[in-house]
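Dropping the structure in here first, questions after.
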């Protein structure tokens, strides 16, 4: 097989990966829709149960002559399990009025949720497999690590993001996060193919070093972890806002999005997951800066040249360091520190796109 054929197969594998991820996106969308529907049904069930309990009349039977008062019995549902809610009231003529809620719909939705969620996970693993195959074929076609230009960096970054999510989802129940990860991954892959694609080629002389197999992949892995943390933090801000509205006595929105946010884990739990990811990624980003400085000394004779890429990489480091410092220091609000982390990720996006296109420097290797 020639290098040209392997490069073509790499592109075909990328298309297959995108098709699998598009199907995964559909499956995760259905999963979230059922999750929201189940939450709405439980909310209606709880509301009807509360009204039934409040409106149940005090019924008097023949035993009232002895002073005995008999009230209607009511059985309420467990909002977690979705069991049916039934109110039984014995009327004066011995008639039973039975009020049932749509809890059967909840149970049906709960049975279907794992199917769409599991399908989304399986398709995501399939997409990740073909992304790895695409990168491997691309690298073999030119006998180097496939991270030498913006197209390859974007594909590798999308792969790292997807794998980070899939590995994390093996340890935590995070199927609900699938859509929030797959959508940006698909967007980056589509942008890479449409706007950033360049044919596979040999390395530029300044990049011909073993450090390219250390410095760039570590940066890509850290960005993949930061990306998943960023997705979780965006969701966390929405969940926290609804929790704050309830705590203040305000009625949160009953829109489909609001209902979905209510069905997701609590803000504190989401915050802990995002924090653990940022803690894991920060040392990798620190190593990226150190490795880049060592490589810069070998390639250009200086450890630091205040190149635009170097400056923005340091800005990112400072922002995430400020986030971690805020989390470790009393007096900082959780929301404020999370906004700092989001600002750090925005800086990553700017460093990857704007700096590559509008700033010239020693790191101008996008290939465009």
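Residue numbering: from 1, along the chain as shown.
The backbone N, Cα and C atoms fix where each Cβ goes, and this holds for glycine too.
Whatever TrEMBL says is automated annotation, not expert-curated.
Okay, these came from TrEMBL:
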- 67-88: compositional bias 'Low complexity' (COMPBIAS)
- 157-363: domain 'Cytochrome c assembly protein' (DOMAIN)
- 67-113: region 'Disordered' (REGION)
- 12-33: transmembrane segment (TRANSMEM)
- 119-138: transmembrane segment (TRANSMEM)
- 150-169: transmembrane segment (TRANSMEM)
- 176-198: transmembrane segment (TRANSMEM)
- 210-235: transmembrane segment (TRANSMEM)
- 273-296: transmembrane segment (TRANSMEM)
- 311-326: transmembrane segment (TRANSMEM)
- 338-359: transmembrane segment (TRANSMEM)
Out of 12-33, 150-169, 176-198, 210-235, 273-296, which stretch has the largest tally of CB pairs under 8 angstroms to the transmembrane segment (338-359)?
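Stretch with maximum Cβ contacts: 210-235.
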Which listed stretch (12-33, 150-169, 176-198, 311-326) has the most C-beta pairs under 8 A with the transmembrane segment (210-235)?
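Selected stretch: 150-169, with the most Cβ pairs under 8 Å.
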